[in-house]
Amino acid sequence: QSPGCCWNPACVKNRC
């Protein structure tokens, strides 16, 4: 369970 996708540049919702 991650709070967002800060570590994933390919994530559509790249937010922490």
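Note that Cβ sites are derived from N, Cα and C of the backbone, with glycine treated the same way.
Here is what Swiss-Prot records for this protein:
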- Cys5-Cys11: disulfide bond (DISULFID)
- Cys6-Cys16: disulfide bond (DISULFID)
- Gln1: pyrrolidone carboxylic acid (MOD_RES)
- Pro3: 4-hydroxyproline (MOD_RES)
- Cys16: cysteine amide (MOD_RES)
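Cα of Cys5 (disulfide bond) to Cα of Cys16 (disulfide bond): a distance of 6 Å. Cβ packing within 10 Å was compared across the disulfide-bonded residues Cys5, Cys6, Cys11, Cys16, and the lowest neighbour count falls to Cys16.
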